[in-house]
Amino acid sequence: MKSVLQFIFWLLVAFVALFLAIVLGERGAWYLAWVLGTVMIILIAVAGTVMLDARYEDDPLE
Amino acid sequence: MELYVVLKLIWWALLGVLLIGLAVMVGMDMGVGAALRYLGRNDGERRAAINMIAPHWDGNQVWFILGGGAVFAAWPTIYATAFSGLYVVMLLLLWAMIVRPLGFEYRSKMPSMGWRNLWDWSLFVSGAVPMIVFGAAMGNMLEGVPFHFSWDMVSYYTGSFITLFNPFAILCGLMSLALALYQGATMIMGRGEGVIRERAIRLATVSGPAALVLFTIGGLWVMFMHGYVITSGADPAGPALPLNKTVTREAGAWLANYGAVPVLWIIPGLVYAAIAAGVVAARRGAAIVAWWAGAVAWAATISTVGAAMFPFLMPSSSNPSQSLTVWDASSSAGTLGWMLVFTLIFVPIILVYTSWAFYVMRGKVTPASIENDDHAY
Amino acid sequence: MHSLDTVVDLSRWQFAATVLYHFIFVPLTLGLSMLLATIETVYVITGRAIYRQMTLFWSKLFAINFALGVATGLTMEFQFGTNWSTYSHYVGDIFGAPLAIEGLMAFFLESTMVGLMLFGWGKLSRGKHLLVTYMVALGSNLSALWILIANGYMQSPVGSTFNPATMRMELTSFSNLVFNPDAQAKFVHTSIAGYLTAAMFVLGISAFYMLRKRHIELAKRSFRVAALFGIFASIAVICLGDALGFINGADQPTKLAAMEGLWKTAPAPAGFNLIAWPNQAEQKNEFELQIPYLLTPLVTHSFTESIPGVDALEKQAAQRIRNGIPALVALKTLREHPNDAAALAQFNAHKADLGYARLVQRYAPDVSNATGAQIQKAAADSIPPVAPVFWSFRIMVAAAFLMLGFLILAVNYSLRGTIVDKRWFLKVAPWMIPVPFIANEAGWLVAELGRQPWTVYEQLPTWISASTHSVGYMIFSLTGFVLLYSIFIVIEMYLMVKYIRLGPDDDGHGATESATQPRVSQWSEA
């Protein structure tokens, strides 16, 4: 049950993000958005993956 | 001279540069593909030959794609008329070229010899067919192609596709194949060792002179062929509409430019000089000199045709007055200008990183080195 | 006339078949190149061998996919000339430029660098190799940019005008062409859809390994990077989809009406058809499940703007056809008497609707004698086929939200480190791989079917755009493409599945395969 609620919570967060982006981006500067967005996606994915290894290093069992 | 005229002339020259780049760079890989089963007698040797061009064939092939795009942008009427008129031939060319990336990429992905032999033959077809079509298309341009336009510029092609493979066109196709084989052989000479290298030298010393013989026969043929002459209505600065002039056909007219400007005879002379020098260099094993000699031979061959036909690009044999020329088949001045800006910026950049790529991947490739290389095809 | 229609139909089938096929491989190239660069970045930062192995493994699959993308792309570059010669002449002055720039700026970069990426591992330093991988990713996405600028022109022809002296459209503003709102939104939408496709692809395969308890370390890390990469992509792709709908709503009302199955103009705020069964002949929905008031805010971002339905759009089209006819008549006069000032004035007064006059030219070759019935018929043509557009759109949107939900779970499980135990999720994930591909194809159908009956919106009708080939030629070429492409897809899928099953080279984990195959590593490397 807890995880269902959490899923719904994150779904709601995603919808809020969608809504904000839509309101902000009616005829937006999309080329710039693409550059910034791509850089952001890569950085977050890299950081999240590096974190995964960092966690294993802290964990003596691994 | 008006700016528009200058732009048209620049783009005429750039069309030549494109065709030369395409012929040299793509032709080289096609030559290797077409001669693959001669250069390598067993799987290890063939893999070595393929891996000599493996890091570069894709980049080189862009010359072909860029050729399509640049003709579309700068000579849209040629793009529309030539590619639809030569429909069946274009399809053969495309189908052959589509198989090629798969041949390189998939051939060594399976250990079965049947599988590999199949892809070897597909590389042979996809090397030989496009080069023959390339030359045959040039031959057809010299002869003229049967097409006309309606009042609102819808083009109609009235010939059958068999006529596109007439004897003169096939002669041009074979010459193009011979030069491609020469170019491929000089590439393999540079990066191969031992028996592969010796076969490549033999191939270069045969295909070079063969190309010269075909070039000579073709030249004599053109002297007596019906060429095209604009008799009135040509307006170099005028709008790009090929319906306002009159053109007649005359025997030997393709030599008119050479008669008017005798210094042009240097260009066909250069074909002989370059191939002769190239064959001597190949015999001595000087691969780089031989390669560059082949490039010069290609450049001179294509320039010879261009100088003969100027200002024609694609004459119509059925309605000569609607022939496409430098003056009436181009884009608007604005598009030509913008495209020139992009060309001037990006072509130097392309040359820099292409040279860098060749520099990084320099060195000999042998069957043994392929065995130990996890990344080879 | 009959055989002309057949040739145009066959040309359309050929174009759709070859481009939809090409578009199977392209989004994966766009996204996977970027994802590869991301993984390699982690390798360069951490220096851990596992990330090198990951990069190598995914780039092997990338190469199999890339080869077919390049091969089928060759067809596209030339097909405008071979099969759409009237189109090519009519708009080549504008449309050709982005195609050529694509070659100069993007495709050269991508193709030269891809050779170094695949073959340069031993010859380049880590940093330089990473740079090369980024150049591949940049090159492939810039390719998409210029292609979509060209496509944007077909959807919303800006920066150009018809020149009667050359009988074609000519460029008036290069910057309008490049900064076309349609092209901007569509590029970002398509590029990010590629990211999403790649993320789903990597997630599905990684889940497959975890399920089989093979290559666990590689799979867990690949799963993490793809989940994070994908979650943002899925959100962005939905945003951009909305932006594109908003732009289309303003620029292409006929496409919007077809997407929403909107036959009658309804008072604002109009209801949104969640499901419907559109009937084109009777101009109504046989059945509809509507959410009241939702449509207007969804597409106009307001509550009061009215959205024209098919009924109003057809009336408008009939009006524009009538207004365009004098332009076409004057154009013909101008061809015979280039200096006729009256004809030029008439042409300029009506030239905005020249394209509409060409719609009725199909039924009345001499448009000056067009009857009311013929005009009505041409006006009905101005509406795209509603049912396929309506359903493609819904399939695409449903797929997008399905992936968003899936990715939220994927990120959640990955960050908690519980993913390996979620067997049901791992079982579902491989079956999600086709979803983005279906969404991509559906998206193409919405964009291009929704543009009908035009090749260039409101300027050049499709029926007049094709080359004047015989039916026999078209059957020959279509058969050839279908045969060749069918063989290719079988080979490609076979190799892809084989290499996925084989897994990365990590000596030991893939023991089941190496037991049955002699010395795998001798030939398994690409």
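Glycine is treated like the rest: Cβ placed from N, Cα and C.
Remember, it's a predicted structure, so these values are computed and weren't measured experimentally.
TrEMBL annotations:
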- B:12-39: transmembrane segment (TRANSMEM)
- B:60-79: transmembrane segment (TRANSMEM)
- B:85-106: transmembrane segment (TRANSMEM)
- B:118-139: transmembrane segment (TRANSMEM)
- B:159-182: transmembrane segment (TRANSMEM)
- B:203-224: transmembrane segment (TRANSMEM)
- B:263-282: transmembrane segment (TRANSMEM)
- B:289-313: transmembrane segment (TRANSMEM)
- B:333-359: transmembrane segment (TRANSMEM)
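Within the chain, the transmembrane segment (B:60-79) has long-range Cβ neighbours (under 8 A, six or more residues past its boundaries) at 11, 14-15, 18-19, 21-22, 25-26, 28-29, 53, 97, 100-101, 153, 240, 242, 313-314, 324, 328-331, 335-336, 339. Scored by C-beta pairs under 8 angstroms, the transmembrane segment (B:118-139) has its highest count with B:12-39, from the stretches B:12-39, B:203-224, B:263-282, B:289-313, B:333-359.
Looking at which of B:12-39, B:263-282, B:333-359 has the most CB pairs under 8 Å to the transmembrane segment (B:203-224), the answer is the stretch B:263-282.
Between the transmembrane segment (B:12-39) and the stretches B:263-282, B:289-313, B:333-359, the greatest number of Cβ pairs separated by less than 8 Å involves B:289-313.
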